[in-house]
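Trainee: Before we start, here is the structure in question, set down as structure tokens.
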Amino acid sequence: MNRKNLVNYILAVLVITFMVFLSELLGEKEIIFPELAALSVGSLVLAALPWVVDGKRMILYISLSAVCGVLIVLFLPGHLYFQMIVAYALSQVIFLLSRTTMAPMISAIVLPVMLQTRGYVYILAAISLTSLIVFIRWILVKKGLKLNVVYKPADSLNKDNIVLALERIIVVSLLMLIFIPKDLKFMLAPPLLVAFTEFTRKGNKALKAPVKAVLLITLCATTGMVFRFILTVKAGLPLTLVAALVASVTFLIMRYMKMYLPPAAAMGVLALLIPEEKLPVYPLQVVVGITCLLLFAKLIDKFRYLFRKK
């Protein structure tokens, strides 16, 4: 690892660690924004942004999604699975209208619904931490440590992408109707829904290595669970220390496997946020959930290929 890459990795770890430190210092768990880990991978670890987006749009759509998620919890009555279906469907609409490919915005809207977040702290954290990532990347670009990417609007509002969004909504809605009432919500954890969106995009590389993708996401989720359970639950050590270790190990796993999936990093951080009693089953739910979503992504890709041939 050269000096430039090392600086990028260290900055990404420090940002995630700072977030959890702030959460512990202020006693506000809502400050922990798992998608910050995904944004750190895409904005700091990788040389170029993996999404069609720029800094101001990244902040705008993460902010808008976070606000929408909390508003759904506050003002939309009904069962959790109904709220999550609405949140995911709305995320697809925002995703299409944004003219970007920044899928992490999906997690920003679904996460507060899944966790039933009602306060403004989550919104402020999502906006502030995303802004911090954008600012750090801007400095790195100025220093020549990152590639400057010029934003060109994605051609998202076409027939193929609209049909694809509807297919995603149908699949996720069906799975939510099955899993959520059985209290298996982490099978559809928000970063997994981000991964599903990425997998269904035309030409996605991870879809060509499905076993590797499942293994990476499961390993990252397990890393978060194991470190939190051993060091915080059992040993009573600060969650900030766990965050630093989880981020470091997660990035090393990605580097070793030569596969950088931003949602995988978010799954490691999400393990720091879930209820303590859910930790033992967290990796199992994750591996089953991502396997189901990947199978559906493969089916969608297969039907897209057959339709194109006709």
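Just so it is clear, glycine is given a Cβ too, placed from its N, Cα and C backbone atoms.
Got these off TrEMBL a minute ago, pasting:
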TRANSMEM  6-26  transmembrane segment
TRANSMEM  33-53  transmembrane segment
TRANSMEM  59-82  transmembrane segment
TRANSMEM  120-140  transmembrane segment
TRANSMEM  161-180  transmembrane segment
TRANSMEM  213-231  transmembrane segment
TRANSMEM  237-254  transmembrane segment
TRANSMEM  281-300  transmembrane segment
Trainee: What stretch, picked from 59-82, 120-140, 213-231, 237-254, has the most CB pairs under 8 A with the transmembrane segment (281-300)?
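Mentor: Highest pair count goes to 213-231.
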Trainee: Determine which recorded stretch among 33-53, 59-82, 120-140, 161-180, 237-254 has the most C-beta pairs below 8 angstroms with the transmembrane segment (6-26).
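Mentor: The stretch with the most contacts is 237-254.
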Trainee: Decide whether the stretches the transmembrane segment (33-53) and the transmembrane segment (237-254) have at least 3 CB pairs under 8 angstroms, with pairs required to be 6 or more apart in sequence.
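Mentor: Contact criterion met.
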